Amino acid sequence: MAMESFHSVAIIGAGLSGLYAAHLLKDRFPDVIVLEAQDRVGGRIKQVHGMAPWPIEAGPEFVHGRNSIFVRFVEQQLGVKFSEKEWPDWWYFGEEVGGQGLLNDQDVDDEVDKVHDLFGDCGDEAQPPPGRDLSAAEWMAAKGCTNRQMAVAEACYANDFGCSLRQLGVREMIEENRGWDSGETYLLMDRSMGAVIAHLAHGTNIKTSWVVSSISYGAQPDAGVRVCAADGRVVRCRAVLVTVPVTILQQGAITFSPPLPAAKTAALSRVRMGNVVKVILSFSRRFWKDDLYDVVCPGAFVPEFWMLKYPATNPGAGTPYCVVGFIAGERANEVSAMGPEAAQQRFLEQLDEIFRTHADPRPASSSVVKGHVVDWSKEPYVRGAYSYPSLGAELGDRAALASPVSGQVFFAGEATNEAINPCIQGAMQTAERAAIQIRAAVDAAVNPTRSKL
């Protein structure tokens, strides 16, 4: 007979949205349980150890929005301090895009400024008609943008969105721009993102290596939900919150009985999540300017890379000179196919080109200590990085992804953010919304008379 446990609320996924939802719900429902497929908590928040004296973030590294829900929470709960950086910081233009070399963002030409204006003001554009979305590449071509401007947008904007210009849909891009309230600067924490996960996980009932295979829910709100694991374990609950990445639902890793409503499955077919590959290299010395922290590289193998420093937590590990390359979308898929060794070599060649001098023609290659590649498409319970404004998506698709089913099955996670905000504060906003929905639904099921008062 299958092992069963009974809970008011079960949460599937111990990423940021799942853990934050549990944090918001456990006072009201002390028996809340979090079921995590991986053997660790954190989801897409994960660290790489041993490359530097501090853990390097394999997942999200930057925070947006000084007044965001995430910043307020970690300042109040953990006493986190933030430093603020302008973005973009520096650019590198190789021969194929003008040959200007390293430039500060304040020194770029009007052609680059026009790209900033185009993407910064896209919320003022009229929405494409239903069923007639166009890609950002088509949109820029229609506005007469040059190949160099396309390369700038590909490296600076599409890569940051987590896709390519061909994958980036104008309809959701306009909607994202209209809802974005987090500013363009990067906020850097004074510690690892892992500290936030550890704080949220403390005192929470979490079961790791618990791979959900199916969810059955009743026709009536008081009929309960049955969550089944691949190994036969069962959790029964009044409400279940699903926070898994959208790829897991799209690929049918979890089955639902009865099937999810048509509006939700249609939205799932249109919203996309791209891949991200991070190429991390550590060096025996610093060969870049001390005030340089981020470089956007139009037309280059790695579109963007950065060099960050955090307080040392393991002083004997690695070196303090690390560079993280960030590659997203279709290009990330190409890098994934070439393998980690080839990716590291290509990145070294790019860094040699950018920072070489007559006296030091191969600064990166001559001082590299070790390398590591993070490929999010190969994480079996993630299968990608984060959702992006998707070509062909319709207005209302994110709301459909977020919509509860039968007052029993609820959804959170960055892909369900109606403002199309895939950042960590966007994930937390969905957890907050779902927690409110769950409290109301469970209260109504337990005491239907009171819920009508």
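Backbone N, Cα and C define each Cβ position, glycine as well.
Features reported for this protein in TrEMBL:
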DOMAIN    16-438  domain 'Amine oxidase'
BINDING   Ser17, Glu36, Ala37, Val212  FAD binding site
BINDING   Phe326  substrate binding site
Site with most surrounding Cβ atoms, counting all protein chains shown within 10 Å, from the binding-site residues Ser17, Glu36, Ala37, Val212, Phe326: Ser17
Distance from Phe326 (substrate binding site) back to Ser17 (FAD binding site), taken between C-alpha atoms, in Å: 23
Rounded distance in angstrom between the Cα atoms of Phe326 (substrate binding site) and Val212 (FAD binding site): 31
